[in-house]
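If you check TrEMBL, you get these features:
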type     : residues : note
COMPBIAS : 187-200  : compositional bias 'Polar residues'
DOMAIN   : 1-77     : domain 'Lumazine-binding'
DOMAIN   : 78-174   : domain 'Lumazine-binding'
REGION   : 177-200  : region 'Disordered'
REPEAT   : 1-77     : repeat 'Lumazine-binding'
REPEAT   : 78-174   : repeat 'Lumazine-binding'
């Protein structure tokens, strides 16, 4: 395991306890140390290689979000904190106070993205405006630009992507059919990307 840099939270600790799960740029990590208003996490080589967390420096700004508690109000779509892939900001059009961003996304994930559907970009639940074979676009309101790191993102920046959980299950159902049916020889050798099991 590799100890990631400590992250300073504007609202010190907020009742965070050791072992709690917190999303860093959309990647669910476990709190391993608390020092005042600083929280420390551990990230393995797999996490660092499959997300943009390996690119962080001591001066990096990140998006922080605690896990949803039972009874909390749902303000977006379900986000698991399990990053599917890393995309790239390939176009940014600022139209103050709004901004339109276009991201590249590697195969096979575009098939899990639909216009007017949901997607998670660096931990931020967003609505997809348009989607193509290898890209999607979003329109950001002033609050999102001010309250998250997307306001400072520039063309070429790499971002963590998590596609919609519902889209993954629909894709899997369409590919494999009824879950009670045994897999046929024709489809036993392949499997679409599906969410990892929940972290404890």
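Positions of Cβ are set from backbone N, Cα and C atoms, glycine also.
When the domain 'Lumazine-binding' (78-174) is classified with DSSP, helix, strand and coil residues number 24 helix, 42 strand, 31 coil. For the repeat 'Lumazine-binding' (78-174), the model's average pLDDT works out to 94.
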